[in-house]
Number of protein chains: 2
Amino acid sequence: MIEIRNAVIITNSDTGDVIKNAVVQVANGKIAYAGAAEHAPDFEAQRVIDAHGNIVMPGFVNMHTHVPMNLFRSYADDLDLMTWLNTRIFPAEDRLTEESAYWASMAAMCELAASGTVAFNEMYFFIDSIAKAAQESGLRAFLSRAVVTPAPGVGERMLDESEELFHKYDGKGRLRVFMSPHAQYTVENSMLEKIAEKAKKLGTGVHMHISETRGEHENCVQEQGMTPIELCKSVGLLDVPFYAAHCVWVSEHDMELMAEHGGTVLSCPKSNLKLASGIAPLSKMMEKGISVTFGTDGASSNNKLSMMEEMTYASFLQKGTTYDPKVMPAVQALKMATRGGAEALGLESGVIEAGKNADIIMLRTDGIRYTPDYDPVSLVVYAGSDADVCMTMVGGDIIYENGTFSFADIDEVKAKIAEYAEDMKRI
Amino acid sequence: MIEIRNAVIITNSDTGDVIKNAVVQVANGKIAYAGAAEHAPDFEAQRVIDAHGNIVMPGFVNMHTHVPMNLFRSYADDLDLMTWLNTRIFPAEDRLTEESAYWASMAAMCELAASGTVAFNEMYFFIDSIAKAAQESGLRAFLSRAVVTPAPGVGERMLDESEELFHKYDGKGRLRVFMSPHAQYTVENSMLEKIAEKAKKLGTGVHMHISETRGEHENCVQEQGMTPIELCKSVGLLDVPFYAAHCVWVSEHDMELMAEHGGTVLSCPKSNLKLASGIAPLSKMMEKGISVTFGTDGASSNNKLSMMEEMTYASFLQKGTTYDPKVMPAVQALKMATRGGAEALGLESGVIEAGKNADIIMLRTDGIRYTPDYDPVSLVVYAGSDADVCMTMVGGDIIYENGTFSFADIDEVKAKIAEYAEDMKRI
């Protein structure tokens, strides 16, 4: 039972309302009331928060993460993809343990919470460690164990593990579990088919890297006579909820297939730039009716887990590459980064209105950039920073507030990470 | 006499040193010593600052600004250029007064100082107001009165004004004054020639918008048989220090001319994206030997004055559009945003070493993103935020520290800006 007073609410509703001098009442993990102060019902709050004119809005949904990679932030940059992977990232990942993966995930939970993220869609290994960190944090997490087929039997073992993880965690607290073929170029066709069947059987979704680089896309066409998305369709992956990360290099037909089958694109604009993959044609995808959402990718290829930046980059890049400044306006970018992800994942979040999950963040507006206040949505998207986030609430629980986490001692997390990093420095 | 202890210095020197457990001693506006603590000479500091492991580095040089436009941040976004200008920006600018321009400039000084900028290169009108704000702030400012020729006699009057401003402010404190033809498409050729002559006579530089949009570039070719840069050469503008803002659409020959004449490109990557102008070919320019620096443009087309973001966008965009992740690495982007601008403007700043101007900033590294600390330069460029800036020093004077400005009452500035904004809302 929390009441937030004196807020400026960005509701994210279809009418795009901004409500000033507003009140939000939270009970049982849901929003009980959100609207003008004068219409707020009586409410017995255990805690009243005076927002002092701060912005209250839906929290961000980060649609593509590899949270243990927080241990590898700025560990290796400005390298060719293959050099980066083979000489830096793979050897570093080889040294990960359940314990270091847990602490690295905790560092990521802190970064996500402090930058206003309420839910994330994860693909990696060490899922037990990630699940533990996610459960402790209170964030909503969609976990998937990446399956690869480098040698006979390996993929099968990983798929079995994925199913075990599904039964262990799916629906537990705020966790859900997806299946995950890592990518077309790392997974054999027969395994893609098995994963599609498994997801169908379990009634869950599939999270996969798709057409991130030109090379990957073109090799698939050359070797298989189909694009990665066409191949996914042929093995049944588009018949389950399909979460396609990147999609930088997609054909017209790929986009039509995604639209037709209701697949979700998880675009990671910053990572795609930094790794020199390119710029995804998001405007075109949206014209075709595809659900486009944003993710950060891992901290070693971004190097932040900041959804605020992701939505701004996305909007700017679409304007700058289509030569149309009206494309992906602030209000749309904000919705994609919050409500868009929530809807794609089936969460009752992303809108500030009665009955929705209380997945809410607050942004300080006392910085010089929030005056004048002609347009709060434009301020958040074009002038805001994730450093403005002063409160993150998930399901009615405040997990971050003014530098303090409900679930972690930040100094302990940093000390642990620094310790594991010493080991990485020896590679 | 200030001594900073326990710092991690990013020196920006040619050897690219990062010095841990370092000391910086400042006397008479200059750096007296910067290096390892154990070699620091005895120093009688009036003030000792314990950096607690924070990063100390050269301050940013913002090479293209319109500071009074801070009053128009988020006043109009997501519009076609001509709609934006004609229905929103021009009517708003018509309502500016010396007083509102002063307070808007003060808001910009606060934003610049708080985000780690030590010098800025300004083009606008209301130069007296801007000069007053700049002088009060302590920032180094290069001011120029934009000249346009919409009707007979107007340009001449503005050029006379420019010369008066030069005599009034150039060399006064930390101010310098440049001449400024607004752009090729707003200034007649004969006036461009006069401005070149005036700059030559006064021994100063020229600050001009060049080939920002494709239309502007192509119209010039069609109407004048020359590109804007070729035209500038023909009227003598390349024979003075030439500061060319934007240069999004430039030909091979344009780049050769700029390299040959030592012109400086002032690239504004965020503004160029947001206004849908495009992405400047900075890597190619640098291969040709052109000095490329960064600016933010005005707050209404960015919408921040954040050099931290500008350098990151620039690096990411070059990687993402050349498909080469090695292009514009972190260490280079950081130098361009600091030392590059300083050198182009003839400032003895941009490097942390004895004898240089004490134009220094400090970044807090206690946030979760600065652990692990594999590479401080990469952390600043790829994981840093201007919210990390906790101290800005210009010429040995601390003008910003931990939320407080030496030169302004931030609440007064915000109140004034909010008041003038009410008038703009009535348009």
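Our numbering is plain: 1 for the first residue shown, then up by one each step along the chain.
The backbone N, Cα and C atoms fix where each Cβ goes, and this holds for glycine too.
The Zn(2+) site in TrEMBL is built from B:HIS64, B:HIS66, B:HIS209 plus one of B:ASP297, B:ASP324, B:ASP359, namely B:ASP297. For the substrate site, TrEMBL gives B:GLU93, B:HIS182, B:GLU212, B:ASP297; the one candidate out of B:ARG140, B:ARG145, B:ARG157, B:ARG339 that the record lists there too is B:ARG145. In this entry, substrate is bound by B:GLU93, B:ARG145, B:HIS182, B:GLU212, B:ASP297, whose most widely separated C-alpha atoms sit 21 angstrom apart. Look at the Cβ of each of the binding-site residues B:GLU93, B:GLU212, B:ASP297 and count the other Cβ atoms within 10 Å; the largest number goes with B:ASP297. Counting only the Cα atoms, the space from B:HIS209 (Zn(2+) binding site) to B:HIS182 (substrate binding site) is about 6 angstrom.
Each of the binding-site residues B:HIS64, B:HIS66, B:ARG145, B:HIS182, B:HIS209 was scored by the number of other CB atoms within 10 A of its CB, and the lowest score belongs to B:HIS182.
Distance between Cα atoms for B:HIS66 (Zn(2+) binding site) and B:ARG145 (substrate binding site): 11 Å, as a whole number. Across the fold, the C-alpha of B:HIS182 (substrate binding site) and the C-alpha of B:HIS64 (Zn(2+) binding site) stand 12 Å from each other. On a Cα basis, B:ARG145 (substrate binding site) lies 13 Å away from B:HIS64 (Zn(2+) binding site). Across the fold, the C-alpha of B:GLU93 (substrate binding site) and the C-alpha of B:ASP297 (Zn(2+) binding site) stand 16 Å from each other. Between the CA atoms of B:ARG145 (substrate binding site) and B:ASP297 (Zn(2+) binding site) there is a gap of 15 Å, rounded to the nearest whole number.
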